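Engineer: Mind having a look at this structure? Questions to follow.
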């Protein structure tokens with residue numbers, strides 16, 4: 001057996017089992033007296049958000065030839081570890097902060113929170129080993145909850161908008177982590193895709209596109225239908241714009257699925273912040289158009305110079321797929337709040 005496999009067997013399984021033992025003990029200590037688990041209106045949202053995160057993001061990251069199956073497997077590992085850790089942190093807030101506890105709602109918040117880690121994983125796909133991924137999951141979930149707490153306590157951000165900054169946080173946390181890894185050489189075998197892996201990745205995009213309205217509306221109360229309505233129109237316009245700009249920016253005038261793969265989701269990311277503040281569908285449509293333009297033009301003009309300029313290599317382009325559209329959404333929320 002090669003040495004790297006012996007190291008994997010001696011470190012990774014024991015690390016994961018150790019964390020799981022810690023989680024079980026903490027759940028026993030802090031959740032033994034919470035009473036019966038309640039069933040409520042979150043049931044449908046829980047299914048949709050889970051499908052989006054597990055299937056959508058899992059297949060979304062399967063575009064590399066060498067890491068197609070690994071990306072699906074490790075994304076599931078990140079989700080199941082991160083959800084348990086996030087629920088524990090929510091429990092700590094409940095016990096010591098006086099927050100109202102909702103059992104199933106805390107799981108949905110945990111699944112949404114762990115989305116940030118999966119997005120960060122996309123930026124370092126094929127670079128980080130399993131031990132690094134487990135450590136990143138634990139650290140990032142804690143950092144994300146700290147950021148949420150600061151937003152809620154000092155900036156008085158509503159919980160629905162507070163959870164939706166998951167895209168912004170995950171994208172730039174992943175870009176920051178990628179700075180600790182070397183920039184791979186162009187044309188390297190590890191960075192090559194195949195038709196099969198690209199097809200699976202597009203399948204993940206379709207899953208994400210379909211379930212994104214439910215994702216954005218998971219924490220909306222009175223305006224749930226309005227959020228779904230706005231998100232769908234933003235996604236529709238961003239997809240149409242992605243097809244149009246892809247044909248305009250490629251050398252041969254053909255459609256690039258890499259562009260569509262990134263920009264078709266940009267509208268959903270952008271309106272996640274401001275969906276409850278959007279009164280008319282044309283506002284969501286404009287945001288979807290601008291988000292798609294930013295995603296495609298950003299990847300077309302900046303991706304070639306960004307690694308050389310700041311020594312950061314974003315494997316999956318999360319900076320353009322999630323980061324910049326999220327910045328646009330945050331600015332849109334501020335403008336809509338003011339007017």
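Note: Cβ is positioned from N, Cα and C throughout, glycine not excepted.
Sharing the feature lines straight out of TrEMBL:
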type	residues	note
TRANSMEM	12-33	transmembrane segment
DOMAIN	44-336	domain 'Ammonium transporter AmtB-like'
TRANSMEM	45-64	transmembrane segment
TRANSMEM	76-95	transmembrane segment
TRANSMEM	107-126	transmembrane segment
TRANSMEM	163-184	transmembrane segment
TRANSMEM	196-215	transmembrane segment
TRANSMEM	227-248	transmembrane segment
TRANSMEM	282-303	transmembrane segment
TRANSMEM	315-338	transmembrane segment
Engineer: Can you tell me which recorded stretch out of 12-33, 45-64, 76-95, 107-126, 196-215 has the most Cβ pairs within less than 8 Å of the transmembrane segment (315-338)?
Structural biologist: 107-126
Engineer: Where, among 12-33, 76-95, 163-184, 227-248, do we find the most CB pairs under 8 A to the transmembrane segment (107-126)?
Structural biologist: 163-184
Engineer: Is the transmembrane segment (163-184) close to the transmembrane segment (12-33), in the sense of at least 3 CB pairs under 8 angstroms with a sequence gap of 6 or more?
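Structural biologist: Stretch pair does not touch.
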Engineer: Find the member of 45-64, 76-95, 163-184, 196-215, 282-303 that has more C-beta pairs under 8 Å to the transmembrane segment (227-248) than any other listed stretch.
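Structural biologist: Per the Cβ under 8 Å count, 282-303.
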Engineer: By Cβ distance under 8 Å, which residues at least 6 away from the ends of the transmembrane segment (196-215) in the same chain are close to it?
Structural biologist: 44-45, 48-49, 51-52, 55-65, 68, 112, 227-228, 231-232, 235, 239, 257, 260-261, 264-265, 268, 272
